[in-house]
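J.: Marked as domain 'PglD N-terminal' by TrEMBL: 3-48. The substrate binding site annotation in TrEMBL covers Gly93. According to TrEMBL, the feature domain 'Mannose-1-phosphate guanyltransferase C-terminal' maps to 120-219. Among the features that TrEMBL reports, active site, proton acceptor is placed at His160. Taken from TrEMBL, the feature site 'Increases basicity of active site His' covers Asp161.
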Amino acid sequence: MKKLIIIGAGGFGREVLMMAVDNPCNGADWAIKGFLDNRPDILDGFQQDANEVPYAMDYSEEKRARYRRDYPIVGDPLTYEPEEDDVFLCALGDPAQRQKYAEPLLAKGAAFVRLVHPLAVVSAFASVGLGSIVGAYVSLSPDCHIGQHVTVSYGAVLGHDTKVENWAEIGTHCLIGGNVKIGRAARVYPGAIITPKAHIGEHAVVAAGSVVFKSVKANTTVMGNPARVFDWR
């Protein structure tokens, strides 16, 4: 059986761990091995056993036993040498950080898997690339294509014929119309709305809650309703 290693043990890494625990592939295609992180103490102070959580949900003993967080940090993503049965996911939200820590492993021949939450609604005519993570209650319509190493967070809705290129990030509760193109390593923050046929350029940023009616040029940040170019300086 393959061994799943999650790159990044921060907040998103802990979310992805729980997604992996709940995924049907866990125990069938792979088993969770641990994390890669260059911060060896990043998990210190967090409960490792769900039974330790005060006022936690009244889950069955069997279910609570599944939710454990004592998986080790097995190395640094920049120096780790992939083993034969290792498979990987990168749990870093920032596309630049995701590339920084995933690409050295890819160069060493590392294999990545996709992780789609069982509560996501994914059309049989949609596709999700390797290394991508699709959260609960995401909706991917027919002929929607998600590239490799993309994150699509909880509750996002992507319309028909929409294409999301490699390394991009789609935040929680985004609404993306049909025939939209989201460029490589673009970031669409939570609650943003992108109207049909818009084009978000590579490395562009759409701020939280913005409404995009027109296309956004590469390497620009837009904010507001209607979304306009914003210079943080």
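Numbering starts at 1 and runs along the chain as it is shown here.
Heads up, the Cβ atoms here are built off N, Cα and C, so glycines get one too.
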J.: Summarise the model confidence on the domain 'Mannose-1-phosphate guanyltransferase C-terminal' (120-219) as a single mean pLDDT, whole number.
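T.: That region's mean pLDDT is 98.
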J.: Cα of His160 (active site, proton acceptor) to Cα of the residue listed as 'substrate binding site': how many Å, rounded?
T.: 24
J.: Reported as an integer number of Å, what is the Cα distance between the residue listed as 'substrate binding site' and Asp161 (site 'Increases basicity of active site His')?
T.: 24
J.: If I restrict to non-local contacts, at least six residues apart, and a C-beta distance under 8 angstroms, what lies near Asp161 (site 'Increases basicity of active site His') in its own chain?
T.: Ser141, Pro142, Asp143, Cys144, Gly178, Asn179
J.: How would DSSP class His160 (active site, proton acceptor) in three states?
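T.: Coil, per DSSP.
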